[in-house]
Every structure is written in C-alpha cells, then in structure tokens.
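Asker: Sending over a structure as structure tokens; questions will come in a sec.
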Amino acid sequence: MKHKISKLPELAKLANYSLLDNLTADPDATETGHDHQPREVFSGHYVPVLPTPLPEPEYISHSKVLFEELGFDDKLALDPDFIQLFSGDVTNLPAGMRKIGWATGYALSIYGTEYIQQCPFRTGNGYGDGRAISVLELVANNKRWEMQLKGAGCTPYCRGGDGRAVLRSSVREFLAQEHMYALGINTSRSLSLFVSKTECIDRPWYFEDSRSHDPETMVSNPVAISTRVAPSFLRVGQLELFARRARTMEHENALNELEQIVEHLITREYQDIAAQSPIPPRLTPDKILLLATEFRERLTSLVANWLRVGFCQGNFNSDNCAAGGYTLDYGPFGFCELFEPTYQPWTGGGRHFSFLNQPFAAETNFKMFCRSLEPLLQTQPEASEKLADIGDGFKAVMQQKLEKMWTEKLGLTAYNSDLLINLLQLMVNTKVDFNMFFRKLSHVPQHVSALEKSFYMPASEELQQQWTEWLQTWRALVNAQDNAEKLSEQMKQVNPKYTWREWLVVPAYQAAAKGNYQLINELQQVLNNPYDEQSKEIEDKYYQLRPETFFGMGGVSHYSCSS
Ligand SMILES: Nc1ncnc2c1ncn2[C@@H]1O[C@H](COP(=O)(O)OP(=O)(O)OP(=O)(O)O)[C@@H](O)[C@H]1O
Ligand SMILES: [Mg+2]
C-alpha cells in the first residue's frame with residue numbers, strides 16, 4: 001500500500017511555490033505581512049499577507065475524496081499542526097513552508113461594464129481577495145495545487161469588511177464544491193473546514209420562517225475557515241485588472257505585467273499549451289490565440305454542465321469567473337428545484353445571472369477575457385483579428401455544447417429542438433422539479449403517472465394529455481421499446497438523483513452552529529454520490545420535492561447575503 005501523508009512536515013516536502021518565485025509582489029508590501037487595512041495596490045500580482053487565525057479552532061470536516069487524491073491520510077485532518085495551518089495560523093510551520101500567505105488584486109466588471117465603484121478608492125486598486133488568503137502551493141501526484149483559506153482575515157483588499165466568513169456560508173461552500181466535483185463539473189475543491197469556538201460575527205440575515213425578500217436583522221454566527229484548492233485562483237477579473245492598467249499605461253511596467261500574468265495563467269491552468277514550447281521564449285500570438293480557444297472550450301462546457309444539473313452560480317461577474325474554466329465563488333449560488341428558466345436565488349443577482357441566462361453571462365465574461373488579451377496583440381493586426389473571431393465564435397460553440405447536453409440528457413442520438421422546447425414549456429406549465437423530473441424520465445417510463453412524483457401540482461387533464469403526447473414522441477425517438485434498459489443506464493449517468501436542496505442543507509449549518517456536525521457528514525455522503533441509488537432511508541429523506549412551507553422563505557428560497 002502506498003504511504004500516505006499523516007503529518008505536516010511530510011506535507012511540507014510537497015510544497016512548491018511557483019507564484020512567489022515567478023511573479024512580482026506589490027513593491028509597497030511589508031515583509032511581515034501585517035497588511036490588514038484597506039489600501040491601494042498599484043502593481044504586482046500579489047501582496048504577502050499574514051492570515052488572522054481563528055481563535056480556538058475546532059475541526060468540522062475534511063474532504064476524504066480530495067485527501068485520497070492528494071495522497072493524504074485521513075488522520076492528517078486531525079493533526080494539531082494541520083489544524084493550526086488551515087485555521088489560519090502560519091507562524092509555526094515546518095521547514096519548506098513559508099510562514100506567510102498572499103492575496104491578489106483583481107478587477108470587477110458586471111455584465112461587461114467595468115466597475116471601480118466597489119473599490120473604496122474609486123480606482124480599482126483596492127479590489128481583490130478581501131478575505132481569501134492563499135497559504136500553500138504544492139505538487140501532489142504530478143498535479144499542482146494552490147490552497148486558499150477563505151475567511152482568514154483582512155487583506156489590503158478587504159474594503160472595510162471584516163475579512164471573515166460565517167459558518168453558514170462556509171458550510172455551503174465546503175459541501176457544494178465537492179458536490180459539484182462528484183457531479184462531474186470542474187470546480188475549486190474543498191480541503192477542510194474549521195470553526196472558531198469563541199469568535200462570532202454579525203451578518204444581515206432573516207428571522208426564522210421569514211417571508212421577507214431582504215434580511216430583516218443582524219444575526220450572529222460563528223466564524224469559520226474553509227480551505228479551497230485549485231490549480232490556481234486566477235480569475236478573468238485578474239487579467240482584466242492588468243489589461244486596464246496596460247491600456248492606460250498606468251505605470252511603465254503595466255504591459256509587461258499583463259504579459260506575465262497571462263504566461264502564468266498558461267503555466268498553471270493550460271499545461272498543453274505551455275508544453276508546446278517552454279516559456280520563455282516569451283508569449284507568442286499563437287499561444288494567446290490557443291489560450292482563448294481553449295478557455296472558450298472550457299467555459300462553454302462548464303456552463304452547459306451547470307444547466308445540466310440545475311446549478312445557478314448567481315453572480316457570474318468577471319471576478320467570479322475562473323480563468324481556468326472551473327466553477328468558483330460559491331456564495332450566492334443555488335440549485336433549481338422548481339424549474340423556472342429565470343431561477344435566481346441571490347436577491348442581488350437580477351435576471352441576467354439567472355439559470356438559463358448563464359450562457360449569455362458566460363459570453364460576456366469571455367468577451368472581457370479576450371478584451372484583456374488585446375493589448376498583447378497591439379502590433380499584430382492579423383492575430384488581433386483572429387482573437388476577435390474567437391470572441392465572436394462563442395455563441396456557436398455555446399450552442400453546440402448546449403445541444404449536446406440536452407441531447408444526452410434526453411437520451412437522444414440527435415438534437416431535437418422542437419421536442420426540447422415543448423418539454424421545457426410543459427415543465428414550466430406543470431411546475432416540475434428540474435432534477436427529479438429528469439431522473440424519473442431516466443427510468444424510461446411508459447406513462448405520465450411515473451413522472452408525476454416530480455410535479456409540484458397535480459396536472460390538469462389537458463396537461464396530462466400533452467404529457468402523454470410528448471412522452472410518446474420521445475419514446476419513439478429514443479426507441480424505448482427495444483432499448484429501455486441500456487438507455488436508462490446511460491441517462492442516469494447524466495441525470496443525477498441526489499442534488500443540492502437548500503432546505504436540506506439549512507438544518508446542517510444550523511446544527512453545526514450548535515456544535516453538531518452529523519448532518520454535514522451525512523450530506524457529504526449523499527451529495528458525493530449523486531448518480532448512485534442510495535438506501536431507502538436516504539431516498540425518503542433526500543429525493544424529495546421541496547415542501548410548500550419553504551417556498552418564498554428568506555434564507556432558503558432566496559438570500560441576499562452570501563458571506
Ligand atoms: N467579509 C469580507 N471582508 C472582506 N472582504 C470581503 C468580505 N466579503 C466579501 N469580500 C470581498 O468582496 C468581494 C466580492 O465578494 P464576493 O461575495 O464575490 O466574494 P467572496 O465570496 O468573498 O469571494 P470569492 O470570489 O473569493 O469566493 C470579493 O473580492 C471579496 O474578497
Ligand atoms: Mg467573489
């Protein structure tokens with residue numbers, strides 16, 4: 001059996017900090033990392049920052065799946081040195097590990113409009129990782145990972161915030177990342193979750209059983225640190241920040257810094273492109289075009305997958321769009337239960353980030369990504385034009401990916417737009433549960449009655465008739481008569497049975513605030529195996545329609561605060 005890492009000094013041997021070696025730091029940063037007040041950062045990729053440890057941290061959970069992948073023994077999660085590090089104390093680390101963390105700046109554009117208003121200095125120089133601090137980069141099983149504490153205290157980008165994350169949002173992020181991974185969707189991953197036994201902070205939140213749209217009160221919740229893991233945490237907003245500076249020549253090194261960050265993105269997230277020719281030689285126009293094409297490929301696949309499982313990211317701005325093409329920022333997200341094309345759980349998100357609008361939101365982020373590469377092709381008109389074509393090509397690639405997704409979801413061999421549109425219309429008219437409906441359909445039923453468990457209301461006779469017709473057409477197209485078993489197996493692999501249901505997650509974070517973590521463990525188990533049939537007990541509890549009482553309930557059906 002392969003040796004597994006169970007102590008921090010062994011883990012330290014895997015440490016490998018490409019970021020700190022290759023990229024420029026903010027020249028105004030202090031070496032000590034005592035840099036916790038909002039301030040402008042004018043250049044450089046990162047600021048060294050000392051995380052603020054959780055007082056009296058307590059272990060809640062870790063991802064066994066990710067531990068396995070990294071070669072970590074489960075015992076490591078309870079090792080006092082491990083707990084110390086991943087609850088924010090980097091002062092006492094073994095040799096090989098740096099006793100400092102780092103935070104990065106990024107820009108924000110909302111639906112294609114560049115913003116600086118969110119920055120306290122109205123320049124954009126004070127926006128970035130306000131409460132996320134990376135503490136480690138390592139190479140495990142030939143893969144490079146960056147480990148980032150979320151809620152580890154203030155950074156220069158904290159904008160007057162407290163730098164903390166409450167337990168509620170940390171539990172959600174911790175569970176959701178691994179759930180998405182289990183659903184087969186690219187995402188940042190969860191390593192561990194620790195809570196403070198003594199520190200609490202207030203956030204705007206809802207009264208119990210609230211029907212209010214906006215939070216009515218401040219609610220105290222323990223602070224927590226979840227550690228997320230990804231090949232990098234580079235966002236479209238990051239490139240955007242450097243491109244804005246390059247465009248206006250804000251400082252003499254601005255274009256060079258943009259080039260560096262793009263090279264860094266390629267090294268960290270696009271190894272196939274990096275392998276084509278080592279960097280340096282410096283970034284070539286060909287590489288830039290390959291990067292744009294590959295990101296387009298990943299982003300369109302990602303969003304098609306989101307739609308496949310009913311996921312709504314909620315706030316798909318450029319600063320929440322990972323340049324590696326994976327899901328990032330599990331704050332205002334939600335999973336569509338009752339199917340509504342404009343489902344959006346975050347009250348601040350508006351329709352443009354709603355469920356079926358996500359392909360357009362992605363396109364806007366992609367255009368910003370391309371725009372951020374343009375300054376690097378200033379002297380290359382031909383390559384510039386190609387880049388514009390890649391941007392314009394987004395729609396067609398997105399459409400292809402969506403068609404493929406719906407085709408697979410319906411078990412068809414070819415896309416059938418009439419069939420799909422009729423179905424979506426019927427789903428809306430009948431008020432069906434998105435994921436439960438597709439799972440029931442994956443059993444290749446003969447009669448509508450087998451789908452009815454996924455309906456939130458009894459279907460009228462007229463609707464029943466329409467369903468019967470739709471089902472007949474579908475069954476004929478998938479050749480259900482001769483093919484049911486194989487088809488069912490295939491469809492179940494893309495139509496999950498167990499997906500995130502907010503009303504089943506709420507009790508888990510509520511119990512956790514009282515020191516009981518059992519429901520979190522149970523949810524991990526259920527959500528980590530979304531395509532499997534699980535026990536009858538689990539089915540009765542988790543494969544259920546949202547009870548009526550949770551509709552319109554603040555904090556369950558919608559939320560305004562995600563931090
Ligand atoms: N409590 C806080 N203290 C300091 N900064 C914060 C706090 N909450 C959010 N921010 C910062 O505000 C910005 C917007 O917040 P948003 O909710 O998108 O991010 P987040 O959930 O903290 O971060 P991420 O995108 O890293 O998952 C981010 O740059 C974030 O770092
Ligand atoms: Mg964010």
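Placement of Cβ uses the backbone N, Cα and C atoms for every residue, glycine included.
Nobody curates TrEMBL annotations by hand; they come from automatic prediction.
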Asker: The ATP site in TrEMBL lists GLY128, GLY130, ARG131, LYS150, ASP162, GLY163, ARG235, ASP329. Which one of ARG172, ARG228, ARG244 belongs there according to the record?
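Answerer: It is ARG228, as the record lists it for that site.
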Asker: Looking only at C-alpha atoms, tell me how far ASP162 (ATP binding site) is from ASP319 (active site, proton acceptor), rounded to the nearest Å.
Answerer: 20
Asker: State the Cα to Cα distance, in Å, between ASP329 (ATP binding site) and ASN320 (Mg(2+) binding site), rounded to an integer.
Answerer: 6
Asker: In whole Å, could you give the widest CA to CA gap in the ATP site formed by GLY128, GLY130, ARG131, LYS150, ASP162, GLY163, ARG228, ARG235, ASP329?
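Answerer: Pairwise Cα check on GLY128, GLY130, ARG131, LYS150, ASP162, GLY163, ARG228, ARG235, ASP329 gives a maximum of 23 Å.
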Asker: Compared by Cα position, which of the binding-site residues GLY128, ARG131, ARG228 is the closest one to ASP319 (active site, proton acceptor)?
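Answerer: When the Cα distances are compared, GLY128 comes out closest.
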Asker: If you run the three-state DSSP split on ARG228 (ATP binding site), which class comes out?
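Answerer: Note: ARG228 (ATP binding site) is in a strand by DSSP.
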Asker: What whole-number Å value do you get for the CA-CA distance of ARG228 (ATP binding site) and ASN320 (Mg(2+) binding site)?
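Answerer: Distance between the two Cα atoms comes out at 14 Å.
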Asker: According to DSSP, which of helix, strand or coil covers GLY128 (ATP binding site)?
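Answerer: Where GLY128 (ATP binding site) sits, the three-state DSSP reduction gives strand.
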Asker: What whole-number Å value do you get for the CA-CA distance of GLY128 (ATP binding site) and ASN320 (Mg(2+) binding site)?
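Answerer: With distance taken Cα to Cα, ASN320 (Mg(2+) binding site) is 11 Å from GLY128 (ATP binding site).
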